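Asks: I'd like to ask some things about the structure below.
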Amino acid sequence: MNKPLRRVAIFCGLLVFALLLRDNWLQFVRADELNAHPKNTRVRIERYANERGNIIVDGKPITGSVDSGGNYYKYKRTYVNGPMWAPVTGYASQVYDANQIEKIEDGILTGNDDRLFFDRTLAMFTGDKKKGGDVVTTLSGAAQKAAYEGLGKNTGAVVAIEPSTGKVLALASTPSYDPASIAGSNDEKAWVALNGAKNKPMQNRALREIYPPGSVFKVVTAAAALESGKVTDINAATETPEGWKIPLSRVPMKNHSGGCANASLNEALRVSCNSVFAKLGDDVGRDKMVEMAEKFGFNAEQFTPVRSAASVYDKQADRGGNALSSIGQFNTATTPLQMAMVTAAIANDGKLMKPYMIDKLVAPNLDVIKQNDPEEMSRPVSPENAQKLQQMMENVVSKGTGAKADLNMDGVRVGGKTGTAQHGEKNAKRPYAWFISYAKTDQGSPVAVAVIVEDAEGTNREDISGGGLAAPIAKAVMKAVIKNRG
Amino acid sequence: MSVVTNTTTIGAIEAPSRRNTELALLAFAVAIPVFAYLNVGLAIDGKVPAGMAGYGLGLALLAGVAHLVVRKWAPYSDPLLLPLATLLNGMGLVLIWRLDQSPRLIATSMRLYKSFSPDAPSQMMYSAVGIAMFVGVLLLLKDHRVLQRYTYISMVVSLVLLLLPLVPGLGADVFGAKIWIRVGGFSIQPGEFAKLVLAVFFSGYLMVKRDALALASRRFMGLYLPRGRDLGPILTIWAVSLLILVFENDLGTSLLFFGMFVIMLYVATERTSWIVMGLLMAVAGAAVVGSTASHVKSRVAAWLDPFGCLETATDQNMLNACDQMTQVLMSFGSGGILGTGLGQGNSDLISFAANSDFIFATVGEELGLAGVMVFLLLYGLIVERGIRTALAARDPFGKLLAMGLSGAFALQIFVVAGGVMGLIPLTGMTMPFLAYGGSSVIANWALIGILIRISDTARRPAPAPAPSPDAEMTQVVRP
């Protein structure tokens, strides 16, 4: 009987071997995949097991952590002035994962990042509790407050950038939500309500929503006209007949104001002549227009590091479409961030800095783990042409539609452009009010702003205009930044 | 065997008893769980657990008693079996105690039953009863061949045990599987005891019938097919195991019994054709039942695609099965190579049967790949010692019994560990010695006791041959 016994022994050995193999497959090969599986609550348990690091603005935390005493997730995220900062922080929920900075810098905030390995090891020996690092942002509390309060009950967004560095100073979106309301483990009601809400409070309009820019896009067309050499003297008359016909159609381009026939570039921007800019866009040609728009950042997602939607300038439009695109209609669509970038590049004498909102990452022991430095993204226009554009935009504020944005401060020049973008089928929907502007002193430009007001409650349709609704908000933000600087 | 080892009886005149080896190994088998206990306490509370001395002394006492009994009544037995079982039982206690302290499991229990009682003290008691069973086996069973007399009684007893869970009012349906009975507040898993009794029946039966089964057969397509009348009992066992599958809804138990029977049949008759036939019958039975019984079906769905079936599950039962499986898999995955360390994992996310059916997942998460492999090898060693005992046994009944018990043990390890690791569909059995449950601990200590008894008989030096009357008369003439 010993021969079959030995064979059975080998069989039993094979059974154990199969188990060993399977275990290696499970715990070695598939370990990472299982560990990071979205259904694996360990990721979230770990995220909230220790006090989470904070997101810092102006040296003060805008987030916090409280011990919620739960069996699953120990600490719960809290927010200081949550609705105002939600477009910056995003949320960190015990149930619904996290987004934006809370998600992108999760490793630092929880303390699990590889760069914090040394701190963790040290804490193990000193017996300290594991702690998360902090994320220091570039934002300015005063500017954010001005933006958020300026938007008030309106639906809209504000983005402010420091043109010389690309630092994001304000990033507001309304209506907003309080991330604290969905941070806990029993917040299903709030979560469902927020996701189902008609006014989409969780939508980050500053980064993720693309709007037809309307007239504010004319700044880009002006830049293209100057760069391509179609216009050299901004005060020279252009050959544009009143009622210029859109190519490939018989429809004449309508202007909303008089005095556009053969108007100079400077004058056309001041009174916002559709015909002049449509014709210029047509003269420059689609490919050159696309090139200019893309140099400003169109047709690409931006990473601040929070991802923004890609703004659109149609690359396949026919001549008629291109002419309409040049005045910010047709398929042209942009995020508020994109328009702030355009403004910032012009204010910074033609140099576009990459926008970013995380200044540095700090370890629990206050060592700087990573410092983000300003980075040049592109040079869409030459310094000379940038100055011409500034001259024209300042004209808009001092003598044109953007008068409400003027700061009236000594030594501070303000340039801007209004936009009232019609949209919807037959332009039937309530138009968007746009305003872009920058402030400039002798030391350079401290701030560039883009404001959009989607829907102003209680405003007559006829009264919706960039200059009227959006310009005062831009003014408040610029004022806050300049005041804050001293 | 060509190599003379300590377990062979041939050649060694003064075979060392190896009791001191056993004692030294037992010291480790007690020290390691005590160290693990300390580890859990430090990890959870940050201080030396209060119960450590009691736990250590209790385990040492049980091991000491077992050792002394073996030293006195089975001095030549295998030195590894007792330490291995003690180590596994000790570690099982530590793991159960660790899960007792999980606030999540306490909260779940409070929510469902309005009360929570720690399982570790009961398991300690069951372990003591298990050791008592072990001692009882060694004291009462002076020679394992006595069991041969009870062949047919064993058959009846095992059938009764297997069918008990089906008796209305006695059997309990625990989440679909009907492998439990409830008697006076205690839950008993008769299958664990049936395993032992069935092995006795198979050994006795096959020892008598092996020649008929092996020789009286016709050759067909290269296989030896037995005569119809010899086939009867085999078909009966097959039918019974299918019945278990259908009515008790447990794939593991039926696989275990049928597998054990096929192994013993093969060993007894030395005919490969039995294995082929056994495999075919097992596959046919499993395929038919697996596609009809809903409980088995949900287990199979959870096995094939645990994460996918969370979305596609058709009923609550299947959803639970899939959810358990994903939790178990993620628990293993989160352990990685070295594990999180005892007391620091989240295996309590498996909120159902975390300390019984799924206790191996806690090993996986907290001790990692390294720990799981150690445990698998410990189990493998028990099986190996059992088969070695079968090889060394001098009588065919002992050989078959030792083989049957070790084979069943190996199959059980495979079915349970393979089930929780997703190698095969999950079944309702538990890891011997590790998992919480009185029946399992007690039955497996009895199993170790029987193996030790057989190995003692096998390794006992042969009695000195009677002096030959011729010897004295022979004169050796030296030059």
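Glycine too: its Cβ is placed from the backbone N, Cα and C atoms.
Note: TrEMBL annotation is automatic and uncurated.
The following feature annotations were taken from TrEMBL:
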TRANSMEM  B:23-44  transmembrane segment
TRANSMEM  B:50-69  transmembrane segment
TRANSMEM  B:81-99  transmembrane segment
TRANSMEM  B:124-141  transmembrane segment
TRANSMEM  B:153-181  transmembrane segment
TRANSMEM  B:193-208  transmembrane segment
TRANSMEM  B:228-245  transmembrane segment
TRANSMEM  B:251-268  transmembrane segment
TRANSMEM  B:275-296  transmembrane segment
TRANSMEM  B:358-379  transmembrane segment
TRANSMEM  B:400-427  transmembrane segment
TRANSMEM  B:433-452  transmembrane segment
Asks: Near the transmembrane segment (B:153-181), which same-chain residues lie under 8 Å Cβ to Cβ, leaving out any that are not at least 6 residues past its ends?
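Replies: For the transmembrane segment (B:153-181), the list is 147, 187-191, 193-194, 197-198, 200-201, 204-205, 240, 244, 247-250, 253, 257, 295, 298, 317, 320, 352, 427-428.
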Asks: For the transmembrane segment (B:50-69) and the transmembrane segment (B:124-141), check the count of CB pairs under 8 Å (sequence separation 6 or more) and say whether it reaches 3 or more.
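Replies: By the criterion, they touch.
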Asks: Sort out the residues at least 6 away from either end of the transmembrane segment (B:23-44), same chain, that have Cβ-Cβ distances under 8 Å to it, and list them.
Replies: 51-52, 55-56, 59-60, 63-64, 67, 79-80, 82-84, 86-87, 90-91, 93-94, 97-98, 101, 341-344
Asks: Any contact between the transmembrane segment (B:124-141) and the transmembrane segment (B:433-452), i.e. 3 or more CB pairs below 8 Å with pairs at least 6 residues apart?
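Replies: As far as Cβ distances go (cut-off 8 Å, pairs 6 or more apart), the transmembrane segment (B:124-141) and the transmembrane segment (B:433-452) touch.
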Asks: At least three Cβ pairs under 8 Å linking the transmembrane segment (B:193-208) and the transmembrane segment (B:400-427), pairs spaced 6 or more in sequence?
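Replies: Yes, since the transmembrane segment (B:193-208) and the transmembrane segment (B:400-427) share at least 3 Cβ pairs closer than 8 Å, they count as touching.
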Asks: Between the stretches B:251-268, B:275-296, B:433-452, which one has more Cβ pairs under 8 Å with the transmembrane segment (B:400-427) than any other?
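Replies: Top-ranked stretch among B:251-268, B:275-296, B:433-452: B:251-268.
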Asks: With the transmembrane segment (B:81-99) as the reference, which stretch in B:251-268, B:275-296, B:433-452 has the largest tally of C-beta pairs below 8 Å?
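Replies: Per the Cβ under 8 Å count, B:433-452.
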Asks: List, by number or range, the same-chain residues at least 6 past the transmembrane segment (B:275-296) whose CB is under 8 A from its CB atoms?
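Replies: Beyond its ends, the transmembrane segment (B:275-296) has Cβ neighbours at 176-177, 223, 238, 241-242, 245-246, 249, 251, 254-255, 258-259, 261-262, 265-266, 315, 317-318, 425.
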Asks: By a Cβ-Cβ criterion of under 8 Å, what residues six or more beyond either terminus of the transmembrane segment (B:433-452) are in contact with it?
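Replies: Same-chain residues near the transmembrane segment (B:433-452) but 6 or more away: 70, 74, 77-78, 81-82, 85, 88-89, 91-92, 95-96, 119, 122-123, 126-127, 129-131, 133-138, 141, 144, 186-190, 192-193, 195-196, 355-357, 359-360, 363, 375, 382, 385-386, 389, 401-402, 405-406, 409.
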